[in-house]
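S.K.: Take this structure first; my questions come after.
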Ligand code: PEP
Ligand code: MG
């Protein structure tokens with residue numbers, strides 16, 4: 001058995017598909033039969049065009065846009081002119097001619113003044129590699145079409161790899177590097193795909209076609225290569241148990257989120273891409289508490305246009321049929337890199353140029369998103385959430401820009417939701433400490449524990465070496481959560497939470513007791529969380545919260561909350 005770090009729970013079986021990203025070696029030689037070589041090139045090229053067409057037809061959203069842009073380039077006859085000439089007139093082999101011919105075009109695009117056109121050179125590079133891979137018969141894995149029960153094994157899965165993944169056929173994911181909060185890990189949790197990171201040399205130990213069992217429970221990730229009969233039956237039994245537990249939760253789809261003594265809260269979903277709204281509906285979410293809009297920017301080589309963003313936001317608000325949909329404005333920087341927005345390397349990116357700081361600086365970028373958000377607000381119950389707010393001045397500045405955009409839309413007669421709610425993330429200790437001031441000038445809070453924990457305890461959220469110190473049970477973190485909730489309530493606004501802690505069954509009684517109004521989590525956690533709420537007694541949770549607030553040690557807090565949860 002091979003161990004790694006679990007990032008998405010579950011048990012599954014399947015066959016390994018290795019994603020190898022090797023350099024393609026192209027030899028240079030002359031051919032005898034130029035016509036046959038030309039035909040070979042043309043047939044290979046047609047295959048790439050046909051595959052791209054098929055992917056474009058089957059995909060949606062940003063991926064469809066990317067594929068359609070690829071197609072437009074592929075259909076331009078000048079793209080392959082140089083390559084064909086090199087084969088026909090000079091007798092070069094197809095692989096070498098493709099390399100040189102396409103490189104000429106790539107250089108031309110790179111030299112263009114228009115930054116959009118210059119960026120297309122990366123697309124042409126991608127196409128060149130796909131054609132060459134076919135020619136040298138080293139076709140890389142087609143991530144959009146995977147065999148059933150694929151266990152994807154890779155050194156790393158980037159955001160754009162993740163965007164392409166054929167999710168219905170993936171039984172598990174194993175990578176050598178990655179983080180619990182990387183795009184692929186969040187996506188795996190959303191889609192309930194067991195996933196393990198940190199298995200050194202996984203791409204060497206595991207081979208294409210190997211049969212494996214993957215088991216993830218919390219941080220514990222186990223890979224069973226060619227499992228024995230005994231291992232197989234143990235894993236199957238565990239899988240059945242998990243299945244039954246899940247089925248037992250189906251009843252909670254119809255239940256309201258009310259404690260035994262009548263205290264109502266809202267259980268809503270965190271999503272990353274518009275399609276995830278389907279999972280929110282399937283799991284009976286009462287709305288969307290966090291739409292991480294930066295994922296739209298991550299899936300694309302270029303910053304998404306106002307129109308593209310508008311379509312994505314509109315799809316979600318319409319899907320949620322009047323239920324609240326909180327969309328967070330761009331939260332880039334820190335651990336979130338986006339190809340289309342190049343940020344300078346910083347010594348301390350988590351404390352640096354990120355999120356609202358970038359948006360207040362690059363007002364055009366911010367306004368494009370705000371226009372898309374406001375226009376989409378006309379089609380449902382949309383609210384805007386600002387990330388990484390640390391001061392009242394930032395909140396005021398952001399609200400001024402929102403007002404400007406509203407005025408611009410008014411002048412053009414474009415409709416939007418007049419009383420649109422503007423809320424903020426409480427994920428910086430300074431914001432929690434001035435929560436009562438901030439609450440006077442916004443419509444809601446959502447506590448981002450993922451960042452709040454790291455900034456309060458000075459423990460980086462993705463650093464494995466100090467992972468033990470990264471804890472939501474730290475009394476300092478809990479005090480700040482209380483500050484935020486009290487600040488909100490004193491000023492008559494609601495306080496939610498969209499950090500991972502909101503979906504933790506052991507933590508929910510404490511959050512109920514502290515008075516949290518809205519719990520936003522991975523869609524797959526909602527039914528279990530509703531069970532915890534329905535079985536809780538609000539008055540008892542308040543007493544529990546008081547007891548916890550008097551404690552000094554994170555270990556004691558954790559022990560007490562687990563003890564409490566296990567007696568329920
Ligand atoms: C958080 O910080 O808790 C949060 C929800 O935001 P993200 O994880 O996207 O930084
Ligand atoms: Mg955050």
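Using the three backbone atoms N, Cα and C, a Cβ is placed for every residue, glycine included.
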S.K.: Given TrEMBL annotates 328, 450, 451, 461 as phosphoenolpyruvate-binding, which of 292, 357, 418 belongs to that site as well?
M.R.: 292
S.K.: So which range, 200-227, 228-255, 256-283, gets flagged coiled coil in TrEMBL?
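M.R.: Within the set 200-227, 228-255, 256-283, TrEMBL attaches coiled coil to 228-255.
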S.K.: Of 328, 427, 461, which binding-site residues come close to ligand 1, meaning Cβ under 6 Å from one of its atoms?
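M.R.: Listed by sequence, the hits are 427.
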S.K.: How big is the Cα-to-Cα gap, in Å, between residue 451 (phosphoenolpyruvate binding site) and residue 427 (Mg(2+) binding site)?
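M.R.: Here the two Cα atoms lie 5 Å apart.
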S.K.: From the recorded positions listed here (427, 450, 451, 461, 498), select those whose CB sits under 6 A from an atom of ligand 2.
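M.R.: Correct list: 427, 450, 451.
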S.K.: In the same chain, who gets a Cβ under 8 Å from the coiled coil (228-255) while lying at least 6 residues past its ends?
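M.R.: Cβ under 8 Å, 6 or more out: 1, 10-13, 213, 215, 283-284, 527-528, 530-531, 534.
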S.K.: Please report how many Å separate the Cα atom of residue 498 (active site, proton donor) from that of residue 427 (Mg(2+) binding site), as a whole number.
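M.R.: With the alpha carbons as reference points, the distance is 10 Å.
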S.K.: By a 10 A CB contact count over all chains shown, which of the binding-site residues listed here is most packed: 427, 451?
M.R.: 427
